[in-house]
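Residues or ranges marked as active site, proton acceptor in TrEMBL: 69. Per TrEMBL, the feature substrate binding site maps to 8, 9, 10, 11, 12, 13, 70, 154, 155, 156, 157, 177, 182, 183. The Mg(2+) binding site annotation in TrEMBL covers 40, 69.
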Ligand SMILES: O=c1[nH]c(=O)c2ncn([C@@H]3O[C@H](COP(=O)(O)OP(=O)(O)OP(=O)(O)O)[C@@H](O)[C@H]3O)c2[nH]1
Ligand SMILES: [Mg+2]
């Protein structure tokens, strides 16, 4: 197994990244394994924040680093919480606080007006000053339910309905979430980009 530093403090993300990368002989280690402190996410886009996080981890570890910046865009909220998804209900908010705030914000809206999508941007830097970061993106369309269901995943998964499966993301087995999700799609593209590089393309 080859180790790869992932610039995240989110255990749910790390678990999903490992589920996808392990079959390729890669093991994702969180930044806490390298004593990398969290950096403030001051960017206005997923891309900027992913670069900030990857650069911080690469600078401190001296190794290549991968970062994931992701979030939920709700159409009725003009794309909120978006890049602020982790801190929607406040800087110290937990997943349950964020979900409760979201359900409250949408409480008067019928299903047709509850459309939403997850976005994920993955950035891979070979070193701190890498001028050509590898950037891969994925998105996942669905809508927000009226109540939470399911125990898998993390974040807003219990209220994110996956229309083609007629259940929430938290009710999907992990391997199915990875096949469909914003993160799974971004990682698939990243693996294809790695393979292309190795083949000299
Ligand atoms: O239900 C969900 N299923 C997902 O698959 C998912 N992916 C992202 N999110 C939400 O978006 C925030 C990311 O914000 P984010 O990229 O800043 O990550 P984070 O702050 O949690 O950790 P870090 O990687 O920054 O250390 C997360 O906390 C979640 O609220 C998800 N929710
Ligand atoms: Mg974050």
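Including glycine, each Cβ sits where the backbone N, Cα and C put it.
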Nearest-integer angstrom distance between the alpha carbons (Cα) of residue 8 (substrate binding site) and residue 40 (Mg(2+) binding site): 12
Least Cβ-crowded entry, counting other Cβ within 10 Å, from the binding-site residues listed as 12, 40, 70, 155, 157: 40
Integer Cα-Cα distance in angstrom, residue 70 (substrate binding site) to residue 40 (Mg(2+) binding site): 15
Between residue 40 (Mg(2+) binding site) and residue 69 (active site, proton acceptor), the C-alpha gap once rounded to whole angstrom: 12
Integer Å distance between the CA atoms belonging to residue 69 (active site, proton acceptor) and residue 182 (substrate binding site): 11
Fewest other C-beta atoms within 10 angstroms, as judged across 8, 10, which are the binding-site residues: 10
Among 12, 40, 155, the binding-site residues whose C-beta sits under 6 Å from ligand 1: 155
Integer Cα-Cα distance in angstrom, residue 69 (active site, proton acceptor) to residue 10 (substrate binding site): 11
